[in-house]
Amino acid sequence: MSGYGSLLRSLSKSTDKPVRAIVKGEIPKWVNGSLYRNGPGRFEFGNNRYEHLFDGQACVHKFTVQNGEVFYSNKLLETKSYQKTIENNKLFPNFGTTDKGSNIYKRFKNFFFPPETSDNVNVNILPYAQDHLYALTETHLMCKLDPKNLSINHTVNIKEHVGSIKSTIAHPHIERDGTWITMGVNPRGENGGAHYEFVRFKGGDSGRKSKHICEQAQVIASIPSSNKNGFSYFHSFAVTENYIVFLEQCLQIDFKSLIESLIKNKPRSSALISYKDMPTRIHLINKHNGNILKKKFVTDPQFTFHYINAYEKDDQILLDLSSYDSKYFNVENFSYENMKSGKLMETNMLKALARRVRIPLTKPENEKGEVYCEIKDINSDLPFELPVINYWKNNGLFYKYVYGTNHYKNPFSIIKMNVEDPREVYEFKYGQDGFHALPSEPIFVETHHPKSEDDGVLLVMVLCEKNDYLSVLDAKNLNEIARADIPEEVRGAFTFHGFFADQKNFQNIV
Ligand SMILES: [Fe+2]
């Protein structure tokens, strides 16, 4: 088996009541809290099936770890999208799936006035102001969840609260007091062109007491798109101590293709055009006062879903990315069929590498009025996606270690790399016992009295032909120190992202 195969599951029911997992080995007693994960948990409804990996209905998974014991539950979120899909026995349009029964009038109406079924929040789940739990995607809607039963408490429409922003993302940055810095787009901003909008949702006491996250919104900055005929796709961005770092890159949402997709009833993904030779434009924004640096920083064409980290060093910013070659990148490569069959595994189509961009802040512009920033592979032999760092300690600061997932080559594995000395690599391969297995993004959990940046464990949700399990790896050497086996009759599903709510800092959402 080269692809996800039968592990790309479509669940038909939730496991609401936590089930006990059987622990083999020993989970350290200081690992106390809940691992939350989110992803597309249901692809099939009767004879209909979503056509892209990004389209399945949101399913949130929860592993509660306490005193070495583990309990697992999951919930197919009862979004409007999910409820109406079941009620109407048809799929509503999503990223890579069209509504086959729709007419042109309805498609244009839904484009200009996105419907309530845009709430399939299947990409990430994160804490806000320590006490609130949000499931996220890349539309104008976010869902606040009840941490006890994972039901939806409140659906927040960012358009109703933050003037110019028409959509948001699933990868905000979170500060120590629970403040979020996030971004969205206004496709028709000032002068009719698209603008990238950056916003802060203040955390702390006021955030904790707020009914929903948008009550605390403060717009930071607005950047006009460099492309008059569209705007760059963005999935995440980076922050340093003083800056927001944002890339306009080769994958562009092209207005003409967008209109064509509405007329011809093609999926929204078809409007994302990869311009192989388009240089990457780097924007720097002072995150304290919103000032945008006027200098035009550029680097080579590439595409990034996930920024690894960035930090300031002397007169440079070092920016690390999980970066795809623009020559081969196409978002439609990540179709349901391709991921299930593994057709594109071990090809450049799915190969992201860790790359470092050096942004020289004081270097003068060249004759083209640009400052070129060098981009180099950190390690050209190591496919690197779903990157994770010791976030609460090192985000925006100097760091050495990044952990990631290899879904590029079988057997699938978790990898660790020292970005300062990229020859230092560790790998833990799954499926060595003969059962095909699919590890998730690894979540780093630090010990209470760490002696080094990597003093902790990685929690990995593993889908397996036999039984699914939580795998606990020593973050120093990636040795597996424990597994918590979920009973075979209970199934998990594919997940993109999540976080660990430790008992100490997130006591109300554990
Ligand atoms: Fe992501």
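From the backbone N, Cα and C atoms, a Cβ is placed for every residue, glycine too.
Residues or ranges marked as Fe cation binding site in TrEMBL: His171, His235, His306, His497.
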(Q) Excluding near sequence neighbours, so keeping only residues 6 or more apart in the same chain, what lies with its CB under 8 A of His497 (Fe cation binding site)? (A) Arg37, Asn38, Gly39, Val123, Asn124, Ile125, Ala170, His171, Leu386, Glu441
**Q.** Least surrounded among the binding-site residues, given as His171, His235, His306, when other CB atoms within 10 Å are counted
**A.** His235
Q) What other residues of this chain sit with their CB within 8 A of the center of the CB atoms of His171, His235, His306, His497, the recorded Fe cation site? A) Val123, Asn124, Ile169, Ala170, Ser236, Phe305, Phe496
Q. Does DSSP put His171 (Fe cation binding site) in a helix, in a strand, or in coil?
A. coil
